[in-house]
């Protein structure tokens, strides 16, 4: 099986400036073209533009981290508030997933605004539908490609919401961070990705944190069930990402927006029967339409949509590692809200488990060549120290010679 890499193409391409040196004139090369007056200015302007673009990208990345973390914390906390008056997790998951239909319209609006292309929405939709094959999307391909991912998406959200009914927002968000370790393990097994010892250690730390979280209140009751549900949500999320990387790894941003909108349509058409079945079997009691907390539902669905948009667009506009850090920062964000608003008291075991999971998450963010980078960095430091030591020896020997000459002494070599 070939190895795929999940890359998203940028919205627009950027031209790279090339600096060329003036060619020499004459056969012998003795005469050269005089330096143009603006060459120094062009180099300075190029350097300034490069630094400015890098600084803007870093600042945009920090802003993106804040937005990703805030949207995910807001989503989790609004779910907890919604459960106080409306305890129907599958309906909430189904209602929020329907908003994925807006992915492609939002992408098309941003694409037209940034590039100025005059393609109609239907033309752009057909262009992005090449993700399903050269012949475009058919009903068979629509069901075949969309059904597995839509089911995994729904399971991930549903299990996450069920876990929030049993545990605090901090515990669930920390356990959900284990999906990064599960992605590595599945990629290593299925996609034959490179084996990295540090990531195995991170996966072991994630499993250790899960066991400690389950042990915090004993292996019984709502706590253990909540941990199992949160781990199940992380597992289905990891499987979704690995399968997406396997089948759709080379998709650009437009194709990703097309695919997510297609999943929204699949959710609306085929999964709408599940809330009805749960309603008639009295598993989830919806009540009348006027009694539903529409404010919480629309706020929750909007925050969830914003979070997913930021995750997919942020990979294009800034560094992907910052998006992962934004997800991780939702853990202390939820902890602050739980302590200040809900007056939650965390046990030492839960705090230790959360810290271990977060540390394992950070280890998983290390690049594949992190060891060689560190070795090169240490080698450069050693070379600089040896050069400085050699310069000090040269200076000291020069000072000794000058002093001996000033005193009139001459060193005679031994025979």
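Residue numbering: from 1, along the chain as shown.
Every residue gets a Cβ built from N, Cα and C, even glycine.
In TrEMBL, the feature transmembrane segment is placed on 173-191, out of the ranges 173-191, 382-400.
From the options 6-30, 256-280, the stretch TrEMBL describes as transmembrane segment is 256-280. In this chain, the transmembrane segment (197-216) touches the transmembrane segment (344-366); three or more CB pairs sit within less than 8 A of each other, excluding pairs fewer than 6 residues apart.
Across the residues of the domain 'EamA' (61-214), the predicted structure has a mean pLDDT of 88.
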